[in-house]
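Peer 1: Dropping a structure here in structure tokens format, bear with me for questions.
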Amino acid sequence: MKGAIKHLFGNEYDSDGFRTCSITGLEVHESVENHVKLFALTAVVAMAIGGAFAITVAGTRWELLSLLPEDGYYTHLSMHAWNILIFWMVFMEIAVLYVGGPMVLGRRLPLTKVAKAGWVIMVAGAVGVNYSIWTATESGGEAPLLTAYVPLDIPWLFYATAVLFLLGATVAALPFFVTIWKEKRGAPNKTLPLVVFGAFITSIIAVEAILGGIAAFGYALIWRLGIIESVNAGLYRQLYWIVGHGTQQINLLAMITVWYFLTHVVGGAVVASEKVSRSAFILYLFFINLGAAHHLMVDPGLSAGWRIFNTSYAFYGAAFASMIHAFAIPAGLEAGRRQRGLGGGLFGWLTSAPWKSPVFSSTIFSIILFGFVGGITGVLMGQMQLNMTWHNTYATVGHFHGTVALGTTLAFWGLLFFAIKTMFRRDYASGVLASAIPYLYAATMGLAVLMMMYIGILYGVPRRISSVVENVPGSEFSLSAAEPLFFILGPATLLAVLTGALFVLVAVGSLLFGDRLGDGDDGGLLPEKGLRTDGGSVHAIEMRGTFTLCLIFLATFVALYALNWFLLVQVWQIGA
Amino acid sequence: MGGPLDEPDGNWWDNPVNRRESIWLGIAGAWSLAIFGWMSGFTRFGDQNPIGQTYEVDPDAYQQRVAAYKEEADETEEGRLLPPGDSVYVGGRRFDWDGLPVVLEAGREYDIHLGAYDVQHGFSVRPEENLSKQINLQVFPGNEWVVPMTFEEPGTYRVICNEFCGRGHNSMSGHFVVEEA
Ligand code: HEM
Ligand SMILES: [Cu+2]
């Protein structure tokens, strides 16, 4: 055991504890690297647990299999949601902060004891949440699902340990803030590199989300403990969604930061315009939090003006920001590769890219699928009236698997594939499998997500239910018309889980049995002609490939927008 | 040079922006404003808006209100309610919809009162023979939401609860019938 751990954490450092990364050229300190590994490995464990529950969840929703009865279904669904959406993502995000802060800046990780304490508290919180979900129904209560809506009979321990986890994440983020503070104190006029800037904005948004979460779960907790007599369902929803959606904003910003990072280190991307990309992050800072309101579009008690202003992030300030990144990131890749003379024509820069590298393909699939699938549908269902047709249907599940399960998960897999070579210094246990995984996952999960959306919008199949297609218990009615589509969805979901398992297998296999990479070996990751171009002004380089891709994106967006509104206006008259 | 891991050189703010990137900024900005304008305008000219009066009401008081309404309503042979006026009351409770089934006249505007007695529920409605015409509204204890609706097409409309409301949620469904006047 000890040997295995030493083996995972055992790189050679100089007498000051630094080593030079053979790919990025960064000066990496032992303290940063080891903590990044600790959080990333914990994240993978959470993903594996949450992913295992995806089997029973998906196998129940495919009512042909009906794996679980109703009782167990909610418990399993809660386990899936908390382990994979919260624990997998948040542990990874702490790792992303440590990469985006001290690692890129070439500093030590300050307050390592605090970082470890944060990890311990997070793990304790996560174990507590798992325990209270697993035992909720035995003690006569209800499983919380992701949202733990009051006034359901959810164990107080659940709310308490959820708060504990959030506190732990705050503690774990402290060393990052101290890093930024030290960097700025040392040189107040220096500009932070773009990746650090992105990580910094991510961390601010994370703090806002966590405060909302502590308020929501704290409110429910004092009600469960009998300290207050009654609880207001509408108020809880507003507080809850500050964290419920806030964590998704952390996922988004962390993912975009990872996109800038990985397209650069394996694809040779440059920054198309510092001004434009940074302004987009600033727009997020101001507006993205308002978007949490899009979960309340069909709630009573909120004025239409309030809903429209907030769901649109104030006139779509944050959607605009995302469309800016949607251009800036591929444009950076196009410019960087054209500068090196890699690939001519409209798309030569893209077709000549290292598609066999799972780091590269994960990143690109993440960008494309997040944008086309998760992003567009998010804006659609966030329109107040369209939300009536999406709310709590299976299409919603399709939307957020498009964002987090396709987009963010693939980006983080890319980062892990990168870390296996650069931080763990191992070659992949199987290069062929490693190359295939992003393709398999993008295909199966992509198909599953599309099916979920059709099933939700065209057949009104609800989410969070174990029996509705073959039969609605106690009713002669059912949604059986949707059944044929489940013959595509069911297998696609199961194959997606299988690909997830394959990922874990290859990742763990590489860490344990992969060939050790020698000093200076880049493991084939570096882009052709090196990481740095010889300069010249980026803005003057052709970006017509990216421009074309963005126009295709816009055309898709407009078409889906029109289609959704067309469907809505078929419905009977509703509303004052 | 010029990577996202480096400190940007010199006065980076004043570096010109690529022409196509500037055009895209314009397009994206215009599209953002356009979809805002449509959503906001649709509340004025559109026929499908999740908008209606809301009142704060104690869940028990709401349950009594629904009971009083049912008292006043006639019943058909099949045991369906005939609303006494333009108001139709529906109360979500584990695990059925109080106030359903009800018979409505096609083409007549009703005030649908939505509320819940215990936990949150989801009011998810579709005509039986056309599943893609479906809409979903959130219902929770403490609020009475009055949403006007006019059903033009006769037929049976199915209501499913689409917010998790506890073990038993699977079986929470109801229906109403729209008949030619
Ligand atoms: C391996 C592939 C995956 C499959 C097959 C899968 C499948 C599903 C299914 C069928 C549902 C339940 C639908 C319902 O009854 O409402 C669900 C819910 C959910 N999934 Fe996944 N999922 C996968 C991966 C992920 C990932 C990677 C994430 C997040 C990063 C995620 C986050 C969620 C969340 C948040 C819910 C909602 C839980 C709730 O309603 O409370 N899933 N998933
Ligand atoms: Cu219900």
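Each residue, glycine too, has its Cβ placed from N, Cα and C.
Because TrEMBL annotations are produced automatically, they should be read as predictions rather than curated entries.
So TrEMBL lists these for the protein:
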- A:38-576: domain 'Cytochrome oxidase subunit I profile' (DOMAIN)
- A:38-60: transmembrane segment (TRANSMEM)
- A:80-105: transmembrane segment (TRANSMEM)
- A:117-136: transmembrane segment (TRANSMEM)
- A:156-180: transmembrane segment (TRANSMEM)
- A:192-222: transmembrane segment (TRANSMEM)
- A:250-272: transmembrane segment (TRANSMEM)
- A:279-298: transmembrane segment (TRANSMEM)
- A:313-333: transmembrane segment (TRANSMEM)
- A:359-380: transmembrane segment (TRANSMEM)
- A:432-457: transmembrane segment (TRANSMEM)
- A:485-513: transmembrane segment (TRANSMEM)
- A:547-568: transmembrane segment (TRANSMEM)
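Help me see these features in their spatial surroundings.
Peer 2: Long-range contacts of the transmembrane segment (A:38-60) within its own chain (CB-CB distance under 8 A, at least 6 residues past either end) are made by residues 8, 66-68, 72-73, 76-77, 79-85, 87-92, 94-95, 98, 119, 122-123, 126, 130, 172, 409, 412, 415-416, 419, 466, 490, 493-494, 496-497, 500-501, 504, 507-508.
Here the transmembrane segment (A:80-105) has Cβ contacts under 8 Å with residues 26, 28-29, 31-33, 35-36, 39-40, 42-44, 46-47, 49-51, 53-54, 57, 115, 118, 122, 126, 129-130, 133, 145-146, 165, 169, 172-173, 175-176, 179-180, 183, 193, 195-196, 198-200, 202-203, 206, 247, 250-251, 254, 257-258, 261, 404-405, 408-409, 412, 415 of the same chain, all six or more residues outside its ends.
Long-range neighbours of the transmembrane segment (A:117-136) within the same chain, counting only residues 6 or more positions beyond its ends whose Cβ lies under 8 Å from a Cβ of the stretch, are 35, 38-39, 42, 46, 49, 75, 78-79, 82-83, 86-87, 90-91, 94, 142-144, 154-155, 157-158, 160-174.
For the transmembrane segment (A:250-272), the list of distant contacts is 23-24, 89-90, 92-93, 96, 99-100, 194-195, 198-199, 201-202, 205-206, 209, 281, 284, 288, 322, 325, 327-329, 331-333, 335-337, 339-340, 342, 353-354, 357, 359-360, 363-364, 366-367, 370, 403-404, 407-408, 411-412, 414-415, 418, 525-531, 533, 538-539, 543: same-chain residues at least six beyond its ends, Cβ to Cβ under 8 Å.
Outside the transmembrane segment (A:359-380) by six or more residues, the chain places 255, 258-259, 262-263, 266-267, 294, 316, 319, 322, 326, 329-330, 353, 386, 390, 395, 398-400, 402-404, 406-408, 410-411, 413-415, 417-418, 435, 438-439, 441-442, 446, 449-450, 453, 525, 553, 556-557, 560-561, 564 with a CB less than 8 A from a CB of the stretch.
Within the chain, the transmembrane segment (A:432-457) has long-range Cβ neighbours (under 8 A, six or more residues past its boundaries) at 356-358, 361-362, 365, 369, 373, 377, 389-390, 393-399, 401-402, 405-406, 409-410, 413-414, 417, 463, 482, 485-486, 488-489, 492-493, 495-496, 499-500, 502-503, 505-506, 510, 564, 567.
Sequence-distant neighbours of the transmembrane segment (A:547-568) (same chain, 6+ residues past either end, Cβ-Cβ under 8 Å): 323, 326-327, 330, 346-347, 371-372, 376-377, 379-380, 385-386, 388-389, 457.
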Peer 1: Let me spell it out: take the transmembrane segment (A:485-513), skip the flanking residues so only those 6+ beyond its ends count, and list any with a Cβ under 8 Å from a Cβ in it.
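Peer 2: For the transmembrane segment (A:485-513), the nonlocal Cβ contacts are 4, 8, 44, 47-48, 51, 54-55, 58-59, 61-65, 405, 413, 416-417, 420, 424, 426-430, 433-434, 437, 440-441, 444-445, 447-448, 451-452, 454-455, 459, 469.
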Peer 1: Averaged over the domain 'Cytochrome oxidase subunit I profile' (A:38-576), what pLDDT does the prediction give?
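Peer 2: It averages 96.
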